[in-house]
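Peer 1: From Swiss-Prot, for reference:
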TRANSIT   1-34  transit peptide
BINDING   R91, R125  fumarate binding site
ACT_SITE  Y146  active site, proton donor
BINDING   R199, A348, A351  NAD(+) binding site
BINDING   R199, N467, N512  (S)-malate binding site
ACT_SITE  K217  active site, proton acceptor
BINDING   E288, D289, D312  divalent metal cation binding site
Amino acid sequence: MAIFSNQMRLSSTLLKRLHQRVAAAVNSSSSRNFTTTEGHRPTIVHKRSLDILHDPWFNKGTAFSFTERDRLHIRGLLPPNVMSFEQQIARFMADLKRLEVQARDGPSDPYVLAKWRILNRLHDRNETLYYKVLMENIEEYAPIVYTPTVGLVCQKYSGLFRRPRGMYFSAEDRGEMMSMVYNWPADQVDMIVVTDGSRILGLGDLGIQGIGIAIGKLDLYVAAAGINPQRVLPVMIDVGTDNENLLKDPLYLGLQDHRLDGEEYIEVIDEFMEAVFTRWPHVIVQFEDFQSKWAFKLLQRYRNNYRMFNDDIQGTAGVAIAGLLGAVRAQGRPMIDFPKMKIVVAGAGSAGIGVLNAARKTMARMLGNTEIAFESARSQFWVVDAKGLITEARENVDPDARPFARKIKEIERQGLSEGATLAEVVREVKPDVLLGLSACGGLFSKEVLEALKHSTSTRPAIFPMSNPTRNAECTPEEAFSILGENIIFASGSPFKDVDLGNGHVGHCNQANNMFLFPGIGLGTLLSGSRIVSDGMLQAAAECLAAYITEEEVLKGIIYPSISRIRDITKEVAAAVVKEAIEEDLAEGYREMDSRELRKLDEAQISEFVENNMWSPDYPTLVYKKD
């Protein structure tokens, strides 16, 4: 009965979220205005003349009115035609479209890099217009400012570098970081994305060039979550690089030393964390693309003391859980059947282990959260790494992967052995889901996909989640051509839907972390939660899973369109705030203290979130002497 009641409790939570998607929001006549943003009051600036035109936070370009041009001493420094926001966007889009026509028949890399350069130049001179363009064209430009193009940008960053963005802390700065943080001009920082460049996407050690991924992530925090761009900070911690090509490159911008390791490495990260939380006690720090060796250790070291999370581990896991729950629905099964799903996972790095741990916890929660439940959940996973199937017979198993090592007697009954190939495991296990987090492009070969034909599921799910595109374990064309149309396909990188003929379309879902991390960050910020708890992450994943309607699920759609990212983020953030309140972690945000926050119902929480999402609009600027 305990197991049944837990199943029903989880199921009812998800059903409630599904019903909320259908039900219209009820507007109470006595509803309060929960916004704590500045609104449309004039903004005081302490710059004039060329200084204001060279400041991307305040520069409006040709949109400055004549009264502002007089006030700010910029009359005559701009062309006389005062252009509207819409006209500026149209001019910028015309430039990009001309580039698209010129590059249509050329190689793809120069094309996307040229687009990135144009967007980056706009970012450097006018942040408001940049984010307006990005928000209004998010489906087209998210792949340019974020994955997959950001991977190419990081590889070429030393050559592309023109103007600094963010902060750089290095091994040479030991003992100085506490004072260095005061070199950043913003007195308030809400969100930091930090990397050490050791494992950028699936591209390996890119050293200091990895800051490109932190910049791209924060662009999405602004565009999707409405974090104020003046309160975000991309950070690179340069502890050296083991990339021999970079060490030999005279144009490389980072330290040309091998990476620090052991206690020396930990001391640098500790000093950084102490410094940023001393200056900005309420900041949220997202760790990004740290190698597996350190990702879990740093997460466990800091998560109970600081407002931080690791997107590669926790964000990827949440997106995968939402997709797996969607796959259960798409297979025509009740949500509580999730613990019965057989899942083969290719990849045992930080992302793979993060997904495994989250899926195991979700299954165990459905089964009653007992020791027996955790053991039962463990038995639903088969993990394959570069050496093959991981079993208890494996020597020197990574401690994080050890809980998922298969027992010898179990696999012998299945006709498998230690080190069995992925194709052999898929053929014998007949899984409901094949999940790829290996960063090994093409790993789901024809042999592997042919083996999946024997799945016991009537609609098997394939998740090649590795980024960037070249690291995807398979393409949708390969999957649909071998397995037919009755599959669920979700990838980490964007792919176009596949024309299957006869008017049928193979839907390509994108299992993109951007569906979750902006909402997790925004919800943590607005709740004032002391930490980012497992419950808050679970609430985010369940909210995303419930966002898709039954009609969409039946068509094989388990993730929403990126064009809806702003609304998705609002709902995810509201779910995170609600969970933080229920766990008694919420301490409030600015004027909304914890007592007022606890009085809000679900509709009011959603309103509170929406009212505190920054939107790109030009404020009236008024000059005041320092």
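Just so it is clear, glycine is given a Cβ too, placed from its N, Cα and C backbone atoms.
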Peer 1: Sorry to bug you, but what's the C-alpha spacing from R125 (fumarate binding site) to A348 (NAD(+) binding site), rounded to the closest Å?
Peer 2: 42
Peer 1: Would you kindly give the Cα-Cα distance separating N512 ((S)-malate binding site) and R91 (fumarate binding site), rounded to the nearest Å?
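Peer 2: Answer for this pair: 30 Å between alpha carbons.
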Peer 1: So which recorded positions out of Y146, E288, D312, N467, N512 end up within 10 angstroms of the residue listed as 'active site, proton acceptor', measuring C-alpha to C-alpha?
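Peer 2: Within 10 Å of the residue listed as 'active site, proton acceptor': Y146, E288.
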Peer 1: Quick one: pull the CA-CA distance for N512 ((S)-malate binding site) versus Y146 (active site, proton donor), whole Å only.
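Peer 2: So the Cα of Y146 (active site, proton donor) lies 11 Å away from that of N512 ((S)-malate binding site).
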Peer 1: Need one number for the (S)-malate-binding residues R199, N467, N512: the maximum pairwise CA distance in Å, whole number please.
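Peer 2: Greatest Cα separation within the listed binding residues comes to 18 Å.
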Peer 1: Under a three-state reduction of DSSP output, how is D289 (divalent metal cation binding site) classified: helix, strand, or coil?
Peer 2: coil
Peer 1: Considering Cα atoms only, can you say which of R125, Y146, D289 is the nearest neighbour of A351 (NAD(+) binding site) among these recorded positions?
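Peer 2: Looking at Cα distances from A351 (NAD(+) binding site), the smallest one goes to D289.
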Peer 1: Taking only the binding-site residues R125, E288, N467, which one has a CA atom nearest to the CA atom of Y146 (active site, proton donor)?
Peer 2: N467
Peer 1: DSSP secondary structure for the residue listed as 'active site, proton acceptor', reduced to helix/strand/coil, please.
Peer 2: helix
Peer 1: Rounded to a whole angstrom, what is the C-alpha distance between E288 (divalent metal cation binding site) and R199 (NAD(+) binding site)?
Peer 2: 9
Peer 1: What other residues of this chain sit with their CB within 8 A of the center of the CB atoms of E288, D289, D312, the recorded divalent metal cation site?
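Peer 2: Counting only non-site residues, the set is T195, R199, I200, I213, F287, F290, A295, N310, D311.
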Peer 1: Spatial neighbours of R199 (NAD(+) binding site) among the binding-site residues R125, D289, N467, defined as Cα within 10 A: which are they?
Peer 2: D289
Peer 1: Any idea what the Cα distance is from D289 (divalent metal cation binding site) over to N467 ((S)-malate binding site), rounded to a whole Å?
Peer 2: 12
